[in-house]
Amino acid sequence: MATPNAQSGKITQVIGPVVDVEFPPGALPDIYTALSVTNPAIDARADNLVIEVSQHLGENTARCIAMDSTDGLVRGMVVRDTGAPISVPVGKEVLGRILNVVGDPVDERGPVASVRKFPIHRPAPTLVDQNVKIEAFETGIKVIDLLAPYLRGGKIGLFGGAGVGKTVLLMELVNNVAKKRGGFSVFAGVGERTREGNDLYHEMIESGVINKDDLSKSQCVLVYGQMNEPPGARARVALSALAIAEYFRDEEKRDMLLFIDNIFRFTQAGSEVSALLGRIPSAVGYQPTLSTEMGELQERITSTKNGAITSVQAIYVPADDLTDPAPATAFAHLDATTVLSRKLTEIGIYPAVDPLDSTSRILDPLVVGAEHYQVAREVQETLQRYKDLQDIIAILGMDELSEDDKLTVARARKVQRFLSQPFHVAEQFTGNPGKYVELADTIRGFKEIVEGKHDDLPEQAFYMVGGIEEAVEKAKKLAAG
């Protein structure tokens, strides 16, 4: 075993994913520095395990968190100081690839050709560099653009159980931002199932978001730190994905989409790491640094003069308790919420975005304009009235309603169906060509429905269409039989 020099130390203790390393006097590495050690239990490569300095214990000892398995490490092994934080490859060479927390490819397609690397720990853009203009981020998805518009450079919370269409919605957003804005997307799989990560990769290949034959034509990068990884990897993988997105925003001046699935697992991993480091837990057993860690991640996701990173974050709510410190801390940073409803999937409305539960900070006449705001509120009012009447309809039937209420119900059912939309990424399953609907067309379509311009058309004409003209055409075809 090599004798330690000024840039290397020796392992003195290994407790699970926590490794203590002793350095010669005066050679202690800074906090967040990446150290490397050869772990023969992982594979035959040298320096194959990265550990990150988290604490200075005194007596020239650094306490570190491992980014991979520590099985196979023994006391006395030599640890090399890399002199820099964990850095990941960036640039167009990473498009279409699956990377892990330290930027190594895990898709068995050879090494990443990128020559540039970005550190995963970076300061948030300064106030001077940030873009203060509040503008909506058009997605081309009617229900989102009308009722819960996304803020460019904002953070959106995505709520929904299993099988309600989170993945398909994410892929449609990736597709639309690439085709309409020339932007790329980065997907961070944080502490979720490996099987789901694999499914997503293959679905992206099928839908054309990742081009397997020519990776340079891909629109997305996948960065995974899944459930089976040590907590160090799960606590850092979101930062690795963010560094890749920051490169495209700052150096290539692109609009980026950053998906984090799941932001709760980021907090959960931080809690595990905190306990292993011996910190005294805070409320409900979470780490005392919960707000700081969340803030350091979220403040880097913003709009600058170069471009914007708009983030969509899936949020798991433990035991459906919205006051739990983990989701509650994430809520403080959100600009909009998109809630997916199982009831809508049961009646075949896709995307199953709940029009009454989803919210947005920028649905304000000063931001989106008076007409957009007015139409959105009228749509919600109509749907809310329909919801209130559903009990009466279930007990007494439609005939017992007043004429006004019958009209409201008819319009609400048309609105509900018009909120559905065929997706490009689902084309090969449904046979319906996908539709991107411009915001102006969305507003006009819903305005005409709530004003009663299309009261004579059957409600099925509004199902799975793009703009209102398409619904009118569909009605003509239905009438012609």
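Every residue gets a Cβ built from N, Cα and C, even glycine.
In sequence order, L158, G160, D261, A314, L340 are the residues of the chain that are 6 or more apart from K166 (ATP binding site) and have a CB within less than 8 Å of its CB. What Swiss-Prot lists as ATP binding site is G160, G161, A162, G163, V164, G165, K166, T167, and the listing cites sequence analysis.
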Find, among the binding-site residues listed as A162, V164, the one whose Cβ has the highest number of other Cβ atoms within 10 Å in the structure shown.
V164
Residues within 8 Å of the G160, G161, A162, G163, V164, G165, K166, T167 Cβ centre (excluding the ATP site residues themselves):
L340, A352
Give the number of CB atoms, excluding that of G163 (ATP binding site) itself, located within 10 Å of its CB.
11
